[in-house]
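First the structure, in the form of structure tokens, and then the observations on it.
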Amino acid sequence: MRTATYFFIFLNLSLALFEEPAVYPLPFLATAVLEVLCLLVFLGRLTHFAKVTLHNVFWKDTKNICIMVAILLSLTDLAIYGVLRLYGVRSIRWSRIVRPIFLINFAESRQIRRAFRSIRNTLPEITYVFLLFMFSLLMFSLMALKLFGERNLQTAEGLPYFRNYLEIVFDLYVLVTTANSPDVMMPAFDFSSWYALFFIAFVIVNTYIFMSLFLAVVYNNYKKHLKVMPGGACD
């Protein structure tokens, strides 16, 4: 039963690859039949679980409620999408975002729920580090606007360089990952090699210091919450 449940969960999640917009498009009827089959299996699994569980215990379990709501939303979205498709109206399958609920909330997914709960409990504790990082990013972006915004610099494509604050924030955020390095700094470096000091300071503070600190906080808090807690670790 566990293997069958995981198989149909995997099949349900994999349908996103074949539904429009798709990586490997299949006819709508084929994906709809497969999705309905998966939802029927989930409903049958839930019904079987209800038969072997006390009535009041079953309905107090939020996992069962989440699965039923996800099945209802998926069937409703599928029906609406099918009707709109018949009338030539283009729409989006918004219910695909609820499909991971099946992976998390079935009884067989105890370890996944523990990991998910640990992530959820870790998020509030890393907020302070994240806010400090965002403050540093915004301050460096403001400095970049003041340093380069009035220099009338241009990128290699002839576009204005560092004249819009929000675009500067995004470019420097990408620079934290080094994905746009050194392209993002070349117009300023070509204007004056001393401007390299700004980007060196930015990379040291945000990439090496803040990212290391952020990773350490996330790891330590996640490891702490992942430990087995008495009375609640096996939900």
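Even glycines carry a Cβ here, placed using N, Cα and C.
If you check TrEMBL, you get these features:
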- 1-16: signal peptide (SIGNAL)
- 6-224: domain 'Ion transport' (DOMAIN)
- 26-44: transmembrane segment (TRANSMEM)
- 65-84: transmembrane segment (TRANSMEM)
- 126-145: transmembrane segment (TRANSMEM)
- 165-182: transmembrane segment (TRANSMEM)
- 194-219: transmembrane segment (TRANSMEM)
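Averaged across the domain 'Ion transport' (6-224), the predicted model reaches a pLDDT of 88. Long-range contacts of the transmembrane segment (65-84) within the same chain: residues 28, 32, 35-36, 39, 42-43, 46, 59, 90-91, 93-95, 98-99, 101-102, 105-106, each at least 6 residues beyond the stretch ends and with a Cβ under 8 Å from a Cβ of the stretch.
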